[in-house]
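S.K.: One structure, pasted below without further comment.
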Amino acid sequence: MAQQQETVLAFRELTRRFGGVVALNKFDMELTNGQILGLIGPNGSGKTTSFNVLTGIYEANGGSIEFLGQDITSWPAQKVYEAGVARTFQRSRLCLELSIFDNIMIGNHKRLDQGLLFNIFKRKALREQIRENHEEARKLLKIFDPALADKMFDPVGSLRMIDRRRIEICRALISHPRLLLLDEPSAGMTHEETRELMDDILEVREMIDGLSIILVEHEMGMIERVTDKCIVLNFGQKICEGAYRDVASDKLVQEAYLGGE
Amino acid sequence: MTQSFKDKAVIVLLAAAAAAFTITFIAIEEQAEIFALILFAAALVFAGAKFGFTRSIAQSLSRNERLMNVAVIAATLVVIFWFREDHFPLLMIATVMLYVIACCGLNMQFGYTGVVNFAGAAFFGVGCYTAAVLGDTSIPLLLVIILGGVIAAIVGSVLIIPVLRTRGHYAAVVTIAFGLLFRTFLEVNDTLGGPQGLGVSGMNLFGWDFNNNIEITENIELSFYLNYVILALVMVILTFVLMRRIERSWIGLNFDAVRLDETAAACFGINIKRWKIVAFTLGNFLAGTAGALYAMMLGFIAPSNFAFSDSLILVSIVLLGGMGSLWGTILAAGLVVLLPEKLQVIQEYRFLIYAVVMILILLFRPQGILPRGLRAYIPGWRG
Ligand SMILES: Nc1ncnc2c1ncn2[C@@H]1O[C@H](COP(=O)(O)OP(=O)(O)OP(=O)(O)O)[C@@H](O)[C@H]1O
Ligand SMILES: [Mg+2]
């Protein structure tokens with residue numbers, strides 16, 4: 001790992017306001033190849049907003065974002081995805097009336113042939129592509145839950161919350177991103193389920209070369225176990241950065257969490 | 001009996017029953033008999049749903065898609081040839097078919113992609129007027145039908161920017177305004193015949209004149225509408241192939257993703273604008289081709305054929321049949337076009353009844369009478 005100190009992602013004074021609320025305030029951050037970063041902070045501190053600005057859902061009001069050496073600050077969401085950033089959403093955003101396979105393939109968009117003529121006329125090649133991608137999606141899903149892999153053509157709406165979260169993570173991973181953004185993946189899960197989920201994610205990380213992860217999580221056990229470093233946000237500002245152990249014992253951090261409003 | 005044999009028997013029997021029902025329904029005139037037939041059909045449907053027949057039939061159908069397609073086409077041909085000498089029934093059947101094509105266009109737009117279009121009749125109308133204007137030129141008439149679609153798609157492109165910029169109610173208002181403008185434009189435009197409209201020359205295919213009755217022997221003369229019905233059937237089949245291929249491809253998936261969650265779709269690289277434009281353009285193309293043949297078949301068109309209420313009828317067919325459901329569209333188009341022709345009561349209170357039915361459907365069965373199923377990329381294949 002020693003030589004892989006390439007910077008994957010960097011925020012420089014990243015700022016985003018909503019009316020009078022400063023959701024992100026001059027946020028500086030750097031993430032290197034293969035690193036897992038924990039992003040923590042009280043409710044409303046700007047964690048989700050940083051994902052939304054990074055993935056192009058919201059524009060930044062100031063500062064810049066650099067991804068793999070390119071300035072992507074004002075890129076649209078589609079281009080950010082093409083460049084290798086994939087995410088999950090805090091409030092699950094799957095298409096409930098579509099099948100598991102459909103949902104995972106939405107995440108695979110850049111690796112599928114999207115030409116109009118190809119899709120309408122090259123039916124044989126298309127079928128081949130469908131079969132190959134089905135096999136790949138199955139393999140990926142199997143890591144998370146073998147039972148799910150046998151239900152690829154069931155509607156996602158019929159599944160439990162925890163299975164939906166797994167599918168959302170598969171949708172993000174199927175395209176082999178360089179950077180995975182996980183927004184509270186364990187919400188609503190038990191301790192045991194959370195542990196399993198994180199083990200599965202770590203297993204997949206071994207398969208994808210140089211995958212970095214940013215993890216937003218309230219479950220501190222999980223943060224402690226998997227992250228290489230942590231950043232604490234409060235009112236959109238970074239108040240602390242370092243290994244979990246150091247961050248957790250930091251005075252400012254304890255105040256932010258315990259000191260209430 | 002093996003399952004596959006049972007499936008096949010079910011399909012053949014069902015197609016035969018459907019053909020017999022349609023023939024009876026179109027043939028009888030007595031109002032009381034028609035009512036009785038409708039009640040009988042409704043009772044069958046309810047009983048089927050209650051005792052679970054519907055589900056097992058649906059499974060038989062989905063396991064044998066190819067046979068089902070063939071059976072439906074065969075049943076349609078039986079109905080058509082049953083009425084081979086009667087103008088009016090054939091005209092109605094052809095009208096249903098052309099409505100099916102136009103509604104497939106709407107299905108592409110808001111059934112698949114969520115792009116609302118309350119100006120369906122206007123795009124159908126562009127096709128009609130294209131046929132009226134180009135029908136007398138030396139352009140082959142088959143090509144005129146395609147041009148009807150192309151010009152409808154081009155006219156639709158003036159709506160693309162507002163359709164992309166607005167959502168939900170606003171987009172609905174924009175398309176409604178366009179539909180009204182289109183009709184007003186036709187009414188004041190003298191070169192297009194003004195309020196009186198235009199005559200349209202009939203279809204002529206390689207010297208075969210569609211507007212002549214087909215004399216087989218001295219005693220047998222087939223209605224000239226048979227020509228139109230057959231061409232319409234071919235167009236319906238082609239439209240279905242296109243709709244199916246799109247639905248069962250990555251494009252259909254993109255359409256669904258755009259309809260269901262634009263933000264998530266954008267985060268996975270799906271170009272929202274591109275797919276809305278593709279769906280809108282293809283949909284208008286289909287409506288335009290249907291309109292072109294419709295105009296040739298009627299021989300005469302006027303702006304009053306393309307009122308807002310006609311657009312609403314197209315939309316209600318899609319909602320009634322089930323958004324994105326092709327078989328549902330056929331069933332709903334049949335009901336919406338034929339019922340008012342058969343039942344005078346409905347004729348008078350036509351729009352009142354539509355409104356009530358629409359509200360009931362939206363409240364109690366928003367997925368429509370024959371809901372669209374999950375995408376089966378390859379029929380019969382589940383990994
Ligand atoms: N679309 C929006 N419009 C207006 N204000 C917003 C919007 N999105 C976020 N905010 C505000 O920005 C601030 C940061 O919100 P954000 O969702 O990033 O917090 P968070 O750290 O993810 O919190 P949580 O732990 O509750 O998920 C909050 O004050 C929130 O109200
Ligand atoms: Mg959040």
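Backbone N, Cα and C define each Cβ position, glycine as well.
Sharing the features that TrEMBL gives for it:
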TRANSMEM  B:9-28  transmembrane segment
TRANSMEM  B:34-54  transmembrane segment
TRANSMEM  B:66-83  transmembrane segment
TRANSMEM  B:89-108  transmembrane segment
TRANSMEM  B:115-135  transmembrane segment
TRANSMEM  B:141-161  transmembrane segment
TRANSMEM  B:168-186  transmembrane segment
TRANSMEM  B:225-243  transmembrane segment
TRANSMEM  B:277-301  transmembrane segment
TRANSMEM  B:313-339  transmembrane segment
TRANSMEM  B:351-370  transmembrane segment
S.K.: Checking distant contacts: for the transmembrane segment (B:225-243), what same-chain residues at least six beyond its ends satisfy Cβ-Cβ under 8 A?
M.R.: 73, 76-77, 80, 84, 87, 90-91, 93-94, 97-98, 100-101, 104, 107-108, 145, 203, 205, 208, 210, 214, 282, 286, 289-290, 293, 296-297, 326
S.K.: Taking a Cβ cut-off under 8 Å, which residues six or more beyond the ends of the transmembrane segment (B:9-28) line up next to it in the same chain?
M.R.: 1, 34, 37, 41, 57, 60-61, 64, 67-68, 71-72, 74-76, 78-79, 82-83, 89, 92-93, 334, 338, 342
S.K.: Does the transmembrane segment (B:89-108) come near the transmembrane segment (B:313-339), with 3+ Cβ pairs under 8 Å (pairs 6 or more apart)?
M.R.: yes
S.K.: What stretch, picked from B:66-83, B:168-186, B:277-301, has the most CB pairs under 8 A with the transmembrane segment (B:141-161)?
M.R.: B:277-301
S.K.: With Cβ distances under 8 Å as the criterion, find the stretch in B:66-83, B:115-135, B:168-186 that has the most pairs with the transmembrane segment (B:277-301).
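M.R.: Looking at each of B:66-83, B:115-135, B:168-186 in turn, the most contacts to the transmembrane segment (B:277-301) are made by B:115-135.
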S.K.: Grab the same-chain neighbours of the transmembrane segment (B:66-83) for me: Cβ-Cβ under 8 Å, and only residues 6 or more beyond its ends, written as numbers and ranges.
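M.R.: Tertiary neighbours of the transmembrane segment (B:66-83) are 7-8, 11-12, 14-16, 18-19, 22-23, 26-27, 89-90, 93, 223, 226, 229-230, 233, 237, 379.
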S.K.: Give the nonlocal contacts of the transmembrane segment (B:168-186) in its own chain as ranges (CB under 8 Å, at least six residues past its ends).
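M.R.: Here the qualifying positions are 115-119, 121-122, 125-126, 129, 159, 162, 192-194, 303, 306-308, 311.
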